[in-house]
Amino acid sequence: MRKKIIAGNWKMNLTLAEAKEITKGLLSACDSSSYEIMVFPSALHLESVASIARDSQLIVGAQNAYQSGLTAMTGEISPVQLAELGIQTVLVGHSERRQFLGETSEFDNTKISYFLKHGLRVVYCVGETWAEREKGNTFSVLEDQIGKGLKGITSDLFKNLVIAYEPVWAIGTGKVATPVEAEEAHAFIRKEIGKLFVGADLVAENIQILYGGSVKPDNIKELLAKPNIDGGLVGGASQKLDLFLGLLK
């Protein structure tokens, strides 16, 4: 049975004091929650947040890393440096990095492959824009992102892979896919993963697929009631402790 995940992506938000406060407030919730709880702080806050979360059930992940060991790559973070902080989970493919930094699914594939082969857990984000959805291209976009992003990933590596479906038009807009629309996309993603290689149907059945896009305490239960939705990758509602705790009830 797939365990539900609630993951908070803090992006470039929160002061250090705010990040620490939320982290401390989540520790006791982790002990009693049936969910797997993750937070993805700003790179500058990783060390402090990871220190607070050490020896707890709270998983601290990085919003980005580079697909290499220690090397000359200005402005990037190596998984080796993350490991020193006890961080073994990384986001890949978020729509903001695709849209504003020009990252492609092919580029994401190099990250995913490197990270998984070096023992990291990856949360791979996929999703369509509003223009793509209006043209009826949601499924073709998802097929392309899954096919290119996960190309060559072998079955043994999927145990450390999580998918997050984030329709770009619902991120930070207040819009949200209906539970039926979200379930439809999640079911399609699961089907596409099942077509990646011989025997991938079992991998597809076991992989956790999260929904992201204006997830809040008042809509999360209905979303998680759908059979193919295994949790949420949450932005705004994860940046206030009371709302984050509300997601876990």
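Positions of Cβ are set from backbone N, Cα and C atoms, glycine also.
What Swiss-Prot records for H94 is active site, electrophile, and it gives sequence analysis as the kind of evidence. The active site, proton acceptor annotation in Swiss-Prot covers E166 and rests on sequence analysis. Per Swiss-Prot, substrate binding site is recorded for N9, W10, K11, G172, S214, G235, G236, and the stated evidence type is sequence analysis.
Overlay of Swiss-Prot feature records on the structure.
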residue : record                       : Cβ neighbours (10 Å)
N9      : substrate binding site       : 26
W10     : substrate binding site       : 21
K11     : substrate binding site       : 17
H94     : active site, electrophile    : 27
E166    : active site, proton acceptor : 26
G172    : substrate binding site       : 12
S214    : substrate binding site       : 20
G235    : substrate binding site       : 19
G236    : substrate binding site       : 18
S214 (substrate binding site) and H94 (active site, electrophile), distance between Cα atoms, whole Å: 15
Rounded distance in angstrom between the Cα atoms of N9 (substrate binding site) and the residue listed as 'active site, proton acceptor': 12
Between W10 (substrate binding site) and E166 (active site, proton acceptor), the C-alpha gap once rounded to whole angstrom: 15
Spatial separation of E166 (active site, proton acceptor) from G172 (substrate binding site) - C-alpha basis, Å: 11
Environment of N9, W10, K11, G172, S214, G235, G236, the listed substrate site - residues of the same chain whose CB lies within 8 A of the CB centroid: N13, I171, V234, A237, S238, Q239
Cα separation, E166 (active site, proton acceptor) to K11 (substrate binding site) (Å, whole number): 15
Conformational class of N9 (substrate binding site) under the three-state DSSP mapping: strand
